[in-house]
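Undergrad: Supplied in C-alpha cells, the structure appears directly below.
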C-alpha cells in the first residue's frame, strides 16, 4: 500500500448492485482512494468525466460493459472490470480500442480473491517437490458441479508442474475400491468434493512426501473478501497500459 | 485410573512380538500393575501360574491363542486378547469354557484404540442432529482398500443413527459430477479416501447444519497408541465375568 | 424427529427481532409445527391465546420476558426462552409460578447451538482417557474477551473430568517460554485465543496420548445455526414439566 | 529431477549415524545418483577419492566437519553439509578455502526440509496481502522451548513483509485477557505453542482478511522427510560454486 500525495479518483459503474455497493464502501474507506462517481442504470457516464475519475470499476452486466469500456478508453480512463461474459472476441475488441489509446490500462478479472490466486501460485510451486498431491474441496450443498471449477484448475496446474519437473505417477496401492472413494481423476490428480449444509466455499490442497505433509487451505466466507483484490487492481491499473487478464501478475 | 491397595499381577503372552513388547513396557510403567510373567514361544505357561498372574494379555497368533485361553480360564485367570482370527465358532467355544468358570472374564478386542472407539461413539450421537454428514479418511499410499474399514463402519453407524432419528437423504444439488468426485456412497453417507506419501492413518467426520459444522478428527501415528486401551482392559477385565467383545463398554 | 398426528401450535414473542424472525421462518418450515402467532412490541398476548398456542418461543428482552412468562404459565402454555438476563432470583420466581401450574414446562437456554453442547459433552467424556488436552479458540478481531466464555467453560469441564479420573498434570517440558506462548492456564488446561480478520467463531479441542490425537472442532458461521436447537426445544418442552436450564438434557 | 547421461557419484561421511544412514539409502535408491563411498569414524577419506566422488554429503559432528571440508575442497569435491555448529568464523574459514578453489561448491543447510522452506517463502509472500496473520505451532511435550525456533523465524519473516508493504498493526479489540491467551508477541505477530502427547512437529500459519482465510500448514512426522532436500542439494551443488547457506535458493 504505497502512499501517494493525492488520492486516486475512482468511479464505480453498477454502484447499486451487490458487488458495486461493496466496491463503493471499500473505495470510500481507503485513505489513498477517492470515490468521485457512483453510476448505475439510467445515470449518464458524464458524471465520471465530471468527477475527473482516473479509474472506473465496472461491476455491471455483459450487455452494457462493452459500451462502458469503449467510452472509458476513449476518454483516457483506466478500467478495472469484474463483470463476466468476456469471450475471446470481446477481448480482441477491447485490445483494438486500447491500441488506439496506448496509455490506458484495462484489467479484467474473473475473480478478485487474492487468497485463491495465492493458493494457485503456491500449489504450482510446491507441486514439483512432493511425491503426492491431492485436493479436497468443500462447498454448500446447493452447488451444481463437483468438483468446483477452482479445484479442477488447481489440479491441472499441479499436473502441469509435476510433468515439467519430470515426476511420474503418484504412489497408490489401491486394489479394492468402493466406486468413487478415491475421488475424481483430473489429469492424474485426485480431487474430492464434499457437500454439506453449513459449508460455504473451502479448498484444501495437500502435498506429501515420506515423513511430511504441506497443506494449503482457503476458506472463503463472504464476497467482501474480493475487495482487497479490487483495490489492489485500482491502485495498479494505471501502471499497466493495455489489457491485463486476472490479478495474478499484481501479486509479484 | 482408580488406585488399588495392591497392584494387579499381569502376565504377557507373545511377549517378544511387536505388540507384546509394547504391552510389557506399558504394564511395567504403570504403578498399579505388576508384570509377573513374559511368555513367548517355547516358554511354558506355568510361569504365569507361578507368578500368580491375575490377568493375562494375549498378543500371540490364531494357532495358539485358543490353547492359551482354555488354560487360563481353567486356572481362573482373566484374559485380555488382542490376537486376531476369532470366528463365531471360536467365540462360542470360549463362551463354553467360561460357562464352567463363572467368575472369569475374557475381553477380546479387534482394536484397542480408545480414540477410534470414542470417534465412533461421538459420530453415532451427533449424526441424529445434523442435516449432513460426510467422512474423509486419509492414509499412506501403501494401503490396498479404499475406503478404510473404519471409515466404512463409521458411515454405517451414521446411516443407522440418521434412520433411527427419521432423517431423510442429505441435501445435495450435484448435477454435473466428474466421476468419483462425490466419493463412495456407503449407505447414503459419502466417504472420501485420500492416499498420500507422508500420511499415516487419519479420519475426519464432518457434521453440518445451516450455519455450523462439527468435526471429529482422529490421527493415529503409532501403535503405541493402543496401550491405554490395553491397560484399561487389564484394569477392568476382572470386573467383567464372561466374554466381552471390544472395549466400547469400558468407555461408559 | 418423531412424527405426530397433529402439528404443535407455536407462537413467537419478539417476532420482529433478528432471532425472532429466524424462529418464525424455522417454525413455518417445519411440517410438524404450526406458526399460530407472531407477537412483538405493541401486540397483545391475547393473539397467542386465540391461536391456541401450545408453545411460546420468547426472544424478547430482559424487561418484558418475566411478564410474558407469568402470563404464559398462568394460561398453561409451555415456553422456550432465548432471552438473556436470567439471574438466580429470576429463575426462582419462574420456579415459583411453575409450582402452581405443575403441568407446564419452561426451558430457558443461554445458547441453542446443538454443536456447541455436543462439543462440550464429547470433551467431558474424552478428557478422562488422554494424557494431554488443549484448546484453541479462533474468533473475529472485534471480540473483547480472550479466551471466549465457551473456551473457558470447556477447559473447566475438561479439568473436572481429569480430576475425577485421577489424572495428574499434563506432560510439558517447557523451560524457555516467550511470555504467553503456552496460552492461558484455566484450571491447568492451556487455552489459546486466535484473533483474525476473516474468522467468525471457531473452537478446536485437542486430546493427545502417545501415538494418537483426537480433535473436536466447532465452526459457527451464522446464528441460523441455533434454529435446530430451538425447534428441538419446542418439540420437547411439553414433555418436561417444570424449569429446564439449557438444552443439554435434550441431547440424551 | 533432470535426467543426466551418467549418475552423479556420491560419498557419505558419517554413514553410520542416523541421518547418514538415511542419506545412504536415499542416494542408493535414486537412479541418477551412485553411492561410491560410505565413510565413518576410523575410515580414511581416501575411499572417497578412490571412488571418484563428485559430491560428498557430511552428517558428522562439529569436531570433524571442518577437516572433512578442507580435504574435500582441496580435492575439488563438492560438499553438502547437514552437520551443525557453524559459526560466522567457521563460515569465513570455508569461504577462504573456497576462494582458492573457485570451481568447488559447498552447501551448508541447518534444515533440509523442503516443506518448511516453502512454508516460510509462502508466508513471506502472503503476509503483505492480509490484515491479520497468526501462528499456531504444535509439538510433543518433551520440547524445552516455546515457541519453536521455526515459529519465531516465521513470525519475524511475516513482520518484515508487513512492514515493507506498509501494513499497520493487526486489528485486535481484546480488552479482557486471561494472561497468555493471546499468545506470545513476536514482532507484533501472535504465536501460540501447543504441547501435547501424540503430537510430533506441526505448524499452522493463518492469514485473514474480511471474508476469507488462507492457511498454510506443515506436519513433520519423520526425519526421512529431509531426504528430498538432501538429494536436491546433491543434484545442484555442482552448479553452485562457492558457499551456499540453506536450500532456499534451490527452490526457485
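Using N, Cα and C of the backbone, Cβ positions are placed for all residues, glycine too.
Unlike curated entries, TrEMBL annotations are predicted automatically.
Positions annotated as active site, proton donor/acceptor by TrEMBL: C:139. Under the heading active site, proton donor, TrEMBL lists C:143. Annotated NAD(+) binding site per TrEMBL: C:14, C:15, C:16, C:17, C:18, C:19, C:40, C:82, C:83, C:84, C:109, C:110, C:111, C:112, in sequence order. According to TrEMBL, the (S)-2,3,4,5-tetrahydrodipicolinate binding site annotation covers C:140, C:149, C:150. Taken from TrEMBL, the feature domain 'Dihydrodipicolinate reductase N-terminal' covers C:8-112. Residues annotated as domain 'Dihydrodipicolinate reductase C-terminal' in TrEMBL: C:116-248.
Any idea what these are sitting next to in the structure?
TA: Long-range Cβ proximity for residue C:139 (active site, proton donor/acceptor), meaning a same-chain Cβ under 8 A and a gap of 6 or more residues, is found for C:148, C:193, C:194, C:195, C:199, C:200, C:201, C:202. DSSP classifies residue C:139 (active site, proton donor/acceptor) as strand under the three-state reduction.
When other Cβ atoms within 10 Å of the Cβ of residue C:143 (active site, proton donor) are tallied across all protein chains shown, the result is 19.
The Cβ of residue C:40 (NAD(+) binding site) lies under 8 Å from the Cβ of C:13, C:14, C:15, C:16, C:17, C:20, each of these being in the same chain and 6 or more residues away along the sequence. According to DSSP, residue C:40 (NAD(+) binding site) sits in a coil region rather than a helix or strand.
Around the Cβ of residue C:149 ((S)-2,3,4,5-tetrahydrodipicolinate binding site), 11 further Cβ atoms fall within 10 Å across all displayed protein chains.
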Undergrad: Filter the recorded positions C:14, C:18, C:109, C:111, C:143 down to the ones with a Cβ under 8 Å from chain D's Cβ atoms, keeping sequence order.
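TA: The answer, in sequence order, is C:143.
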Undergrad: About how far apart, in whole Å, are the alpha carbons (Cα) of residue C:111 (NAD(+) binding site) and residue C:150 ((S)-2,3,4,5-tetrahydrodipicolinate binding site)?
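TA: If we compare the Cα positions of residue C:111 (NAD(+) binding site) and residue C:150 ((S)-2,3,4,5-tetrahydrodipicolinate binding site), the gap is 10 Å.
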Undergrad: Starting from the (S)-2,3,4,5-tetrahydrodipicolinate site formed by C:140, C:149, C:150, give every other residue of that chain whose CB sits within 8 Å of the mean position of their CB atoms, in sequence order.
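TA: Here the non-site neighbours turn out to be C:137, C:139, C:143, C:145, C:147, C:148, C:151, C:201, C:203.
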Undergrad: Between residue C:149 ((S)-2,3,4,5-tetrahydrodipicolinate binding site) and residue C:143 (active site, proton donor), how far is it from one CA atom to the other, in Å?
TA: 11
Undergrad: Work through the recorded positions one by one (C:140, C:143, C:150) and name whichever has its CA nearest to the CA of residue C:109 (NAD(+) binding site).
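TA: Of the recorded positions C:140, C:143, C:150, C:150 has its Cα closest to that of residue C:109 (NAD(+) binding site).
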Undergrad: What's the most sparsely packed of the binding-site residues C:83, C:111, C:150, counting other C-beta atoms within 10 A?
TA: C:111
Undergrad: Here are the binding-site residues: C:16, C:18, C:140. Which has the lowest count of other Cβ atoms within 10 Å?
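TA: Comparing Cβ neighbour counts within 10 Å for the binding-site residues C:16, C:18, C:140 gives C:18.
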Undergrad: Measuring Cα to Cα, how far is residue C:18 (NAD(+) binding site) from residue C:140 ((S)-2,3,4,5-tetrahydrodipicolinate binding site) in Å?
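TA: Distance (Cα to Cα, whole Å): 20 Å.
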Undergrad: Checking the spread of the NAD(+) site as listed (C:14, C:15, C:16, C:17, C:18, C:19, C:40, C:82, C:83, C:84, C:109, C:110, C:111, C:112): what is the longest Cα-Cα distance, in whole Å?
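TA: Greatest Cα-Cα span of the listed binding residues: 21 Å.
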Undergrad: Helix, strand, coil: count each for the residues of the domain 'Dihydrodipicolinate reductase N-terminal' (C:8-112), based on DSSP.
TA: 42 helix, 25 strand, 38 coil
Undergrad: Please list the DSSP helix, strand and coil residue counts for the domain 'Dihydrodipicolinate reductase C-terminal' (C:116-248).
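TA: Looking at the domain 'Dihydrodipicolinate reductase C-terminal' (C:116-248) with DSSP, the answer is 48 helix, 44 strand, 41 coil.
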